[in-house]
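> Shown below is the structure under consideration.
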Amino acid sequence: MLYNLLLPHIHNSHIANLFHYITFRSGLAIIITLSLSFIMGPILIKFLRSLQKNGQPIRSDGPESHQTKAGTPTMGGIMIILSSGLSTLLLADLTNQYIWITLFGFISFGIIGFMDDYAKVTKNNHYGVRGKSKLVLQGIISLIICVLLEYLDKNPSHLLNVPFFKNLNLDLGYFYIVFAIFVIVGSSNAVNLTDGLDGLATVPIAFTAGSFALISYLVGNLIYSHYLQLTYIPNTGELTVLCAGLVGSCLGFLWFNAQPAEVFMGDTGSLSLGGVLGIISVITKHEIVLAIVGGLFVIETASVILQVYYFKATQGKRIFKMAPLHHHFEKHGWAESKVVIRFWIISVIFALIGLSSLKLR
């Protein structure tokens, strides 16, 4: 909004001219989202506590230490959606179609998560909305997004860029739409599975969003994309502002979510954040890089899939003491804070590997 209002005055004012730069607006987005989070946090937490008598239901079969979390309110993802959404509307170019498509997906996945959190709180159990129902809703939203991208792009590309290999692109044809839906839905649920400990998912999400802030900027810049031999996609640079807002929102939320958490992001936050990262990876054509940068999410998801299939195949045997993987280490006696910090370190490594693919070809 500010960018669009100040655009006519860019050449007449030094201050207005600053808003012409994506980097300036991205830095400002981090500051604004952090500030909004600090302001909204105490108010939202107090409000959620007044509505949720028992807070988020805690699994009885989980680590014993988790029983101390009883009464902690959920739906804290509302804070993330509001702060990053407002900063994007304030600082991004609102004539950019990618901004609106991404915000649509972000909010839509947030609504699905809110429905799930609401069901858990009102029914006082950890099941919420049926898994199949959530998958169907996620699939429908992802399909709408993919169709919009196909329709709005004059020359839609169905190429899958393979990182670390020079000029290796796989033409998936119209199967790419199915693949893109899988990426978006998979990303949403992978982040959701990772969000099981205080602060565990928040920092890796921030690292992933920060990585895609850089990717969006490079892919949307003709000179940099040509130099790095990346597929140039006009107008994706504005997504840098949105990604920067996500980084600030996650850091602001971590202030209240660090152990012992005052609030959980819930599915409202995890589904929306995972979904928006998937959408941005599809728009920027860096779907495989998302799997690398967000490698922690992939590992957590794989641990659940392996556990379920092995349990069924062996009629009751388990690979891990408990899935997702972070609970396995808790069952081994690791303190929650140790699991969280070590997983953060792993996410940093994955982010660096993913970003190195931009140059190593």
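Each residue, glycine too, has its Cβ placed from N, Cα and C.
As annotated in Swiss-Prot:
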type     : residues : note
TRANSMEM : 28-48    : transmembrane segment
TRANSMEM : 74-94    : transmembrane segment
TRANSMEM : 99-119   : transmembrane segment
TRANSMEM : 133-153  : transmembrane segment
TRANSMEM : 168-188  : transmembrane segment
TRANSMEM : 203-223  : transmembrane segment
TRANSMEM : 236-256  : transmembrane segment
TRANSMEM : 263-283  : transmembrane segment
TRANSMEM : 288-308  : transmembrane segment
TRANSMEM : 338-358  : transmembrane segment
> Using a Cβ-Cβ cut-off of under 8 Å, list the residues of the same chain that are 6+ residues beyond the ends of the transmembrane segment (263-283) and lie near it.
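41, 44-45, 48, 56, 72-81, 98, 101-102, 105-110, 112-114, 116-117, 128, 134, 138, 141-142, 145-146, 149, 180, 183-192, 194-195, 201-202, 205, 208-209, 212, 216, 233, 236, 239, 242-243, 246, 250, 253, 256-257, 289-290, 294, 297.
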> As a test: from 28-48, 133-153, 288-308, 338-358, pick the stretch that has the greatest number of Cβ pairs under 8 Å with the transmembrane segment (236-256).
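It is 28-48, which has the most Cβ pairs under 8 Å.
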> Could you pull out which residues elsewhere in the chain have a CB under 8 Å from any CB of the transmembrane segment (28-48), counting only those six or more residues past its ends?
73-76, 78-80, 82-84, 86-88, 90-91, 241-242, 244-249, 251-253, 255-256, 262-263
> Flag the pair the transmembrane segment (288-308) / the transmembrane segment (133-153) as in contact if three or more Cβ pairs fall under 8 Å (sequence separation 6 or more).
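Stretch pair does not touch.
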> List, by number or range, the same-chain residues at least 6 past the transmembrane segment (168-188) whose CB is under 8 A from its CB atoms?
105, 109, 135, 138-139, 142-143, 145-147, 149-150, 158-162, 231, 270-272, 274-275, 277-279, 281-282, 287, 290, 294, 297, 301
